[in-house]
Amino acid sequence: MKFNIQETFNKELPADPIMENSRRQVEKACFSYATPKQTANPSMVHVSPEMANELGFSKEDTQSEEFLKIFTGNKVIDGTTPYAMCYGGHQFGNWAGQLGDGRAINLTEIEHNGKHWALQLKGAGETPYSRTADGLAVLRSSIREYLCSEAMYHLGVPTTRALSLALTGDQVLRDVLYNGNAAYEKGAVVSRIAPSFLRFGNYQIFAAREDTATMRTLVDYTLKHFFPELGEPSKETYAQFFQAVADATLEMLVHWQRVGFVHGVMNTDNLSILGLTIDYGPYGWLEGYDHGWTPNTTDRQHSRYRYGNQPNIGLWNLYQLANAIFPLIEEAEPLENVLEGFKTKFEEKYLDMMKSKIGLYEKDDLDQQLLNDLEENLQLTETDMTLFFRNLAEFEKDSNDVDSFLKIVEDAFYTPDEVTGEVLDKWTLWFTTYQTRLKKETLSDADRKEKMNKVNPKYVLRNYMAQLAIDEADKGDYALIDELFVLLKKPYGEQPENEKWFAKRPDWARNKVGCSMLSCSS
Ligand code: AMP
Ligand code: MG
């Protein structure tokens, strides 16, 4: 196994000179060297063939003892110095000071086929940023991160990736519901891959400490490596950089809304500077279409990070980033323009995206209203988002049978008995209006269906599906992890043999811990 090692990161950014893992406030440094912990009895659970291929690993490589050792933290790659990054962040709206990679360790950065990748272990032991926690991760949350990040990639949503999922052989103590019932769980390590794991919080920490010099170094580094098209650093390029981050964030958010993904913890330390979905914790997938839904029990009271609020929070987080980099530009206007532009751009892109979900491509002034009515109807009774939009592609624009309209989507209703009276009238009206509108489109039913099926996934990682895989894995059976992994490689395809996963959430999963209720404990 060969690595083409890039040492640019270590050379260009100021490092924390203390070479050990002990917890501390790290000043004037972007990262600290950190050594992964040796584990009791490592064993590989799953490797992503697509990610391995991207990085240039052969199948034999991924099955080797060396691969297992490296990606569980038991061997440091020759010539590398693993490190943990320093960052801060706003958690649930409040500035939380230094956070940092408390349980993530970057092994190294490599170049393959012209692409730059940082290789990171999550759960490989403590670092200077571990604060009061242990630096470890459990199998439960590691399966969720592993499966979901690769599924998001195949859905076409910008995301960090995962290369491998392994057991450490160690036991880790966790209190899943934060109610005093701690128990031992199996320890695990996921290797995560991304061009960079830099977050908004990496910049914020230096602003909070009024350390403009280090922040400038970090921003210049970011420009040089990840936004080279913007050119040499200057006030103008710093503003353009902010524009690029805002655009990438917006793009990611439109995708989240499209597929029904709820991140769950959109703190500023969990927002990537490259607009990648990062840190899969108590995330969830919409089953019933509900703007108010959040899977995160820690956020139940205010539901700050609910589905319908994700775009607002994206903007709120961008405000924090703008404040952080302001000292480099010393003018509010360019930053304010970007933030103002975000709102209009989001509205435009969101409208286009929602139109594409219902197969509308021509311009019509009434489309916004049609979509508003749809979103309202979807929330009248619990209606499965994935089933609804996927089935809607079956609509026939020249059908005269109004009664049959609802049949197309009836599988999506969790309580079909409630679709009567006024609710039924609203749906009938909506479908009739939709049909009239569809007649303005030039595409045939078949062509529209094909296009719609490329934006409306048939298979997503429903919350209960991940939980089933976790329950089996706890018993030592990893077959379902592989089954779901393979299923989710083709989320838009028809997979007749997998029809059982194209179904409403079963009733037992409605209020089950791990399915609809997740905490940050991981
Ligand atoms: P999260 O809510 O997972 O985004 O984590 C917030 C902060 O807590 C980050 O700085 C993490 O590195 C840190 N953190 C979370 N879990 C652990 C853990 N088990 N050990 C050390 N640090 C952790
Ligand atoms: Mg995090």
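For all residues, glycine too, the Cβ spot is worked out from N, Cα and C.
TrEMBL does not curate its annotations; it predicts them automatically.
The ATP binding site annotation in TrEMBL covers Gly100, Gly102, Arg103, Lys122, Asp134, Gly135, Arg192, Arg199, Asp279. Summarising the annotation, TrEMBL assigns active site, proton acceptor to Asp269. Positions annotated as Mg(2+) binding site by TrEMBL: Asn270, Asp279.
Classification of Asp279 (ATP binding site) by DSSP places it in coil, neither helical nor stranded. If you compare Cα positions, Asn270 (Mg(2+) binding site) sits closest to Gly100 out of the binding-site residues Gly100, Arg103, Asp134, Arg192. Inclusion criterion for the binding-site residues Arg103, Asp134, Arg192: a C-alpha placed within 10 angstroms of the C-alpha of Asp269 (active site, proton acceptor); this criterion is met by none of them. Sorted by the number of other CB atoms within 10 A, the recorded positions Asp134, Asp269 start with Asp134, the lowest. According to DSSP, the residue listed as 'active site, proton acceptor' sits within a helical segment. The Cβ of Gly100 (ATP binding site) lies under 8 Å from the Cβ of Val26, Ala84, Met85, Cys86, Tyr87, Gly88, Thr127, Pro128, Tyr129, each on the same chain and at least six residues away in sequence. Spanning the listed ATP site, residues Gly100, Gly102, Arg103, Lys122, Asp134, Gly135, Arg192, Arg199, Asp279 have a farthest Cα to Cα distance of 22 Å. Residue with the densest Cβ environment among the binding-site residues Arg103, Arg192: Arg192, by other Cβ atoms within 10 Å. Every protein chain shown contributes to the tally, and the Cβ of Asp279 (ATP binding site) ends up with 23 other Cβ atoms within 10 Å. Among the recorded positions Gly100, Asp134, Asp269, Asn270, Asp279, residues whose Cβ is positioned under 6 Å from ligand 2 are identified as Asp269, Asn270, Asp279.
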